[in-house]
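Down below is the structure, laid out as structure tokens.
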Ligand SMILES: O=C([O-])CC(=O)C(=O)O
Ligand SMILES: [Mg+2]
């Protein structure tokens, strides 16, 4: 950690399996709406979780953190063990009047190869975060800074934007919002997404053909 604090009250799960990053990359270019459709429109986060930076495309595996509202000790500790391809997913109890993430944590995410941040709570330093090119989603923005006392939990399932996020699940974001795919479902969801994309492409072609002016 880059802060001086005891982490005795942070509960850390044993190592977990992550969704295969090559599979995650295969799905990364498809719209979140399409991916949500093929998993029966489930696993989509609440509309209140919005991108706060201008490059919102996000793809990776869930690194779940439970933080006390307004306190980010668990986030600082979680980033010690973050791996390239992880997405930081934080339940901060929907508190929007005190930020638990900002540009210094953003720097750490960049250094670790963390590919995105999703916070059911608030963030700050949004101009700096935008400059870092990070995909950051949150329920709110506030300049009020966090406490660093804990407690917290790392690597256990968390609720974020009304969706249960398990460690190692696949997670995707675009301008529409966020979808989470259980790790064991990822391969099947990829196949169904490719098929649905072909179906929608045929519909687009039919629409365009019907729209041609008559000769
Ligand atoms: O103070 C904090 O931990 C949050 C913050 O603003 C930053 O990471 O830049
Ligand atoms: Mg800051």
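The backbone N, Cα and C atoms fix where each Cβ goes, glycine too.
All annotation found in TrEMBL is predicted automatically rather than curated by experts.
Small disclaimer: the values here were computed from a predicted structure and weren't measured.
Per TrEMBL, the feature substrate binding site maps to 102, 103, 104, 105. According to TrEMBL, the Mg(2+) binding site annotation covers 124, 125.
Those residues of the chain, other than 102, 103, 104, 105, with a C-beta within 8 angstroms of the mean position of the substrate site C-beta atoms are 101, 106, 107, 108, 124, 125, 128, 129.
In this structure, the binding-site residues under consideration are 104, 105, and the one with the smallest number of other Cβ atoms within 10 Å of its Cβ is 104. Other Cβ atoms within 10 Å of the Cβ of residue 102 (substrate binding site) number 20 in total over all chains.
Each residue contributes its Cα atom, and for residue 104 (substrate binding site) and residue 125 (Mg(2+) binding site) those atoms are 9 Å apart. Neighbour count (other Cβ atoms within 10 Å of the Cβ, all protein chains): 20 for residue 103 (substrate binding site).
Straight-line distance linking the Cα atoms of residue 125 (Mg(2+) binding site) and residue 105 (substrate binding site), rounded to a whole number, equals 10 Å.
Secondary structure at residue 102 (substrate binding site), as computed by DSSP, is coil. In sequence order, 99, 101, 102, 141, 142, 143, 144, 145 are the residues of the chain that are 6 or more apart from residue 124 (Mg(2+) binding site) and have a CB within less than 8 Å of its CB.
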